[in-house]
Amino acid sequence: MTIRTAIVGYGNLGRGVETNIKRQPDMELVGIFSRRSELDTDTPVFPVADIDSYADQIDVLYLCLGSATDIPEQATALAAKFSTVDTYDNHKKVPAHYEAMDEAAFQGDNVAVISTGWDPGLFSINRTLASSIFPQSQQNSFWGKGVSQGHSDALRRIDGVRKAVQYTIPREDAIESAREGRGAKVTSHNAHLRQCWVVADEADQERIENEIRTMPDYFVGYEVEVHFIAEDEFVRDHGGVPHGGHVITSGELGGTHNTIEFTLALESNPDFTAAVQVAYGRAAYRLKEAGQAGAFSVLEIPPYLLAPESLEELLARDI
Ligand SMILES: NC(=O)C1=CN([C@@H]2O[C@H](COP(=O)(O)OP(=O)(O)OC[C@H]3O[C@@H](n4cnc5c(N)ncnc54)[C@H](OP(=O)(O)O)[C@@H]3O)[C@@H](O)[C@H]2O)C=CC1
Ligand SMILES: N[C@@H](C[C@H]1CC(C(=O)O)=NO1)C(=O)O
């Protein structure tokens, strides 16, 4: 079988999904749907306004939109018409997103796989798996130093921001404390600096900085730096998209101290996120083919559904 896929939203993530789909043995890319008409791609481009008319041509629609505003505004209408995979990453609002996508997808007899990627995504799986192993555990998540796409997207949605990037910088002493099982007082807020580089007119900068520092879910509660720079300096110095992080879980078992550490080191945050998202598209297709409908998180999807190989091949190769 060939899974007929499409992309909605053509930014860093959309470009990564486009490239990755072309490397899949069982997928074809029908097209890219965008709010913009001129995109730098050889893939057919269609107006997102016309997307509903393509519902019978697409098995899985990858939502490569921003989480700050695009997903909340567009995702449920798309889930009513298509089986979807998104990377929604406003952690505090994922439960509400799950409920909304479940209702929309179920009404349309579609599957909506939500919040794939690495955090949420692979880190979520590891947090659940690792904490399930210990009767009592200490668990900490760390990101960076790297470019958070979600936080960078959130910056770019502020009126007057022409270009922006947010680096997440962890405190190394906090990571070491977690590794030594002393992470009880380490939190995401006190263990990370959020460093913002922004291109905007001087007249807008004070307002923009205030919007950043008071933005709930993304920046409130963190140590935040905001730097305004010229566009040529931004293009010269802030083109990379590396990232990574750690989930560190430890606990006592029969008087012994044991630690689980799941680490990612990513040269390209969007390309890696896209690869995870594409794999979950295979799972979405199989769940739909099995008669399932509604929302699914990465915590509910067995790993073998992501693989192009059969379960028998995986048992022989990976078990
Ligand atoms: N779960 C996880 O681990 C991760 C999740 N993410 C999520 O992925 C989301 C998307 O990230 P990313 O692709 O980097 O975001 P981008 O800002 O690159 O793209 C977001 C959307 O903005 C529009 N857009 C992109 N470029 C332009 C432009 N030049 N002019 C106008 N509009 C543009 C596109 O929609 P259109 O084509 O319709 O204009 C695109 O879908 C993030 O918000 C984040 O939440 C990212 C990394 C990891
Ligand atoms: N969703 C994140 C992926 C990781 C990175 C991150 C952060 O730097 O705060 N949190 O989760 C992203 O958009 O890059």
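Heads up, the Cβ atoms here are built off N, Cα and C, so glycines get one too.
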TODO: Name the residue, out of Asn126, Asn210, Asn269, that TrEMBL lists for the same substrate site as Trp143, Thr168, Arg194, His243, please.
DONE: Asn269
- [ ] Go through the binding-site residues Arg36, Trp143, Arg194 and pull out the ones with a Cβ less than 6 angstroms from some atom of ligand 2.
- [x] Trp143
Open item on the list: For the domain 'Meso-diaminopimelate D-dehydrogenase C-terminal' (117-268), report the average pLDDT of the model, please.
Closed with: 97
- [ ] Tell me which binding-site residues (Tyr10, Gly66, Arg194, His243) have a Cβ under 6 A from ligand 1; sequence order is fine.
- [x] Tyr10, Gly66
Task: Cβ within 8 Å of the mean position of the Cβ atoms of Trp143, Thr168, Arg194, His243, Asn269: remaining residues of the chain near substrate - done: Gly144, Lys145, Gly146, Val147, Ser148, His151, Gln166, Tyr167, Gly245
TODO: Inside 10 Å of the Cβ of Tyr88 (NADP(+) binding site), count up the other Cβ atoms and send me the figure.
DONE: 24
